[in-house]
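Q: First the structure, which I've put down as structure tokens, then a few questions once you've had a look.
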């Protein structure tokens with residue numbers, strides 16, 4: 001079984017996880033903007049998310065011979081470790097609910113702001129819990145200033161959303177024009193043709209991102225309609241997702257380290273791979289139950305679907321499957337790094353909005369033609385994240401894997 005034991009290896013895992021976990025939400029957002037139902041996308045995503053956990057468990061978790069204290073994956077499946085298994089599955093439940101809620105929040109609040117608020121709540125609550133669960137192996141004088149930076153980012157993220165929503169409202173209020181036969185006109189005198197927003201074309205016929213025309217075409221094409229709906233819906237989904245995310249890492253921490261001594265004497269702790277396996281089973285089952293239910297009883301006025309329609313909907317399936325792989329491997333790397341250097345420091349991957357904001361601006365034109373106030377708030381928010389991730393990584397400790405219980 002392969003274990004990450006060095007601080008350098010742990011930080012490498014965090015950086016890779018940061019990229020993976022910041023990229024998969026952009027793929028789900030892209031598919032929703034193309035008009036694919038989120039229920040279909042999430043079912044595909046859930047399948048490869050679970051398969052990635054199986055791959056990690058049977059490869060890294062089964063390499064070589066294990067020891068009594070660190071049994072390999074297959075050996076540990078037969079052991080009496082159900083208290084820890086239940087904690088791991090509880091973590092998977094929280095992650096599944098958080099990811100599902102954030103998928104809908106992306107449409108209302110935007111990719112960047114959703115990730116900022118959920119990640120910040122995760123750090124403020126989850127990292128504080130992990131610090132005490134990890135027996136304070138991280139440097140408190142460094143860790144908690146980093147947590148404070150994330151807390152500031154919560155308020156900046158909310159301000160960015162509010163300012164950008166006001167900008168879009170002003171653009172639409174000035175929008176007058178016909179929308180007929182693929183042509184749109186606005187007060188600015190622009191006349192453009194309809195286009196596929198994800199075509200990637202740079203021709204002169206393309207709608208310029210950030211304009212009222214762009215917003216109208218996006219609304220007509222996307223799966224989740226947001227015009228006329230209260231921004232409180234998106235913020236409520238975002239804060240709920242953040243609360244769920246703040247609990248899954250502490251639950252996983254308890255599953256692998258048994259701080260509450262729930263295991264029988266002589267039973268080894270769950271390895272990170274076994275815990276991740278049970279964690280992912282729970283995540284998968286909850287996602288399948290909820291999204292199959294949403295096919296027939298959709299939320300937010302989405303159209304009804306069916307399992308047969310889902311199977312026939314292959315448009316964009318490859319991207320959804322890729323998103324599941326990225327999320328699965330990202331979570332696995334986060335947990336591997338956390339087991340070595342402390343789960344509080346591994347929460348530095350919650351700076352994933354840096355990556356998501358990059359994709360949001362490049363792929364989706366978020367914040368294009370926004371006000372100066374919005375740009376200042378956005379820059380301040382990203383600066384706080386850069387400071388926060390550096391501080392949290394600097395607080396990394398090193399778990400003593402040879403310590404006796």
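Note that Cβ sites are derived from N, Cα and C of the backbone, with glycine treated the same way.
Nobody curates TrEMBL annotations by hand; they come from automatic prediction.
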Q: Name the residue range among 63-80, 81-98 that TrEMBL annotates as transmembrane segment.
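A: Of 63-80, 81-98, TrEMBL gives transmembrane segment for 81-98.
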Q: Per the 3+ Cβ pairs under 8 Å rule, pairs at least 6 apart in sequence, do the transmembrane segment (6-30) and the transmembrane segment (142-161) touch?
A: no
Q: Checking distant contacts: for the transmembrane segment (142-161), what same-chain residues at least six beyond its ends satisfy Cβ-Cβ under 8 A?
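A: Counting only partners 6 or more residues beyond its ends, the transmembrane segment (142-161) has Cβ contacts under 8 Å with 109-110, 112-113, 116-117, 119-121, 123-124, 127-128, 131, 231, 234-235, 344-345, 348, 350, 374, 377-378, 380-381, 384-385, 387-392, 394-395.
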Q: Please identify the stretch among 42-61, 81-98, 105-130, 318-337 with the greatest number of Cβ pairs below 8 Å relative to the transmembrane segment (232-255).
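A: Most contacts with the transmembrane segment (232-255): 105-130.
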